Amino acid sequence: MKGSHLFLCLLSMSCCLNLMPTAGNKIFHFGPCRVSMSVTEIRSGFTAIKANIQARDPIRTLSILSYPHSLHKVKSLDRCCITHHLFNFYVDKVFKHCKTEDSYINRKISSIANSFLSMKRKLGQCHEQNKCLCGQESDEKFKQILANYEGLNVTSAAIKSLGELDILLDWVEKSP
């Protein structure tokens, strides 16, 4: 009997600790999904390389993430789905093609990519539990982002997407 109370107490504490953000992390709500992440850490890494990355972007007249309202007015229930798609997109397409001759820049990109990979996993778990449903609007918005990306050559598209990371981070931070 005492063992079962101790087990329940330990299990409760474990659950509470898993829900608590670690240092610098904040809990974001993407529809029904709650995810802890450190936008400050990602933003810091991005700020250190932003000017360099944006200077490498040869096409200034096109935006991948903001082309007419790609991330604007996403319904609360669709936020999880589009966020899941975006973190997969950055991990699977963008970071793989963002290599420079500068090892400092590459280390910063790698650090950001690792943070995105962690988020991709967390959102993937939510998606697997069917909490992260994709509606037609989120699918259409993501298809537009992919079309914008695929309209450029792979390297230019990856550099442009990385250069627009602040658009994504601003949108994530505005999560209700």
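Backbone N, Cα and C define each Cβ position, glycine as well.
Looking up C126 in TrEMBL gives a disulphide bond whose other cysteine, out of C33, C81, C98, C134, is C33. When the candidates C132, C134 are compared with TrEMBL, only one is recorded as disulfide-bonded to C80, and it is C132. Using a 10 Å Cβ-Cβ cutoff, C33 (disulfide bond) registers 20 neighbours. Of the disulfide-bonded residues C126, C132, C134, C132 has the largest number of other Cβ atoms within 10 Å of its own Cβ.
Between the CA atoms of C132 (disulfide bond) and C81 (disulfide bond) there is a gap of 5 Å.
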